[in-house]
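Feature list (source: Swiss-Prot):
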ACT_SITE  C49  active site, thioimide intermediate
ACT_SITE  D56  active site, proton donor
BINDING   I71, E72, S73, H90, E91  substrate binding site
Amino acid sequence: MTELHVTQLGQVVEPAASPDQAVLERVPNPQSDVTYLARFVAPEFTSLCPVTGQPDFAHLVIDYAPGDWLIESKSLKLYLTSFRSHGSFHEDCTVKIGRKIVEIAQPRWLRIGGYWYPRGGIPIDVFWQTGPAPEGLWVPDQGVAPYRGRG
């Protein structure tokens, strides 16, 4: 078995106070010769409005085609949790998460959908990806319906 160089998996770890202090970790991809899609879903993501300090809520869907590295899922959970006390606009949170994953894991491709619940009566959906999906990659729909409220 490949030795893993991770600091959080299997340990009791307190979430970082901010995303900039959080540690996102990677592990070797044993299937790096295959192009495939991995998906993380965070249906209860929270952050703070940078102006009012009120909580914001989102359903995040992160799709990526790993290269040589995988995102270690406990570190991702802790990284996402670090946004709970972080004030940032929806667009910034969504793109920041995608860019951090790209920085650490260097995937073949990544897209993130941030489906934010309404604040001020307006739901905001934010989408970012690194470019076209690799040829032949099966990319299923993210499965999150547009916000309809009671309509």
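Just so you know, glycine gets a Cβ as well, placed from its N, Cα and C.
According to DSSP, C49 (active site, thioimide intermediate) sits in a coil region rather than a helix or strand.
Under DSSP, I71 (substrate binding site) is assigned to a strand (E or B) in the three-state scheme. The Cβ of S73 (substrate binding site) has 13 neighbouring Cβ atoms from other residues within 10 Å, across all protein chains displayed. Counting every protein chain shown, the number of other Cβ atoms lying within 10 Å of the Cβ of the residue listed as 'active site, thioimide intermediate' is 15.
The secondary structure of D56 (active site, proton donor), as reduced to three states from DSSP, is extended strand. Taking C49 (active site, thioimide intermediate) as the reference point, the recorded positions whose C-alpha atoms are within 10 Å of its C-alpha, out of D56, I71, E72, S73, H90, E91, are D56, H90. The number of other Cβ atoms within 10 Å of the Cβ belonging to E91 (substrate binding site), over all protein chains shown, comes to 13. For the residue listed as 'active site, proton donor', the nearest of the binding-site residues by C-alpha distance turns out to be H90; the candidates were I71, E72, S73, H90, E91.
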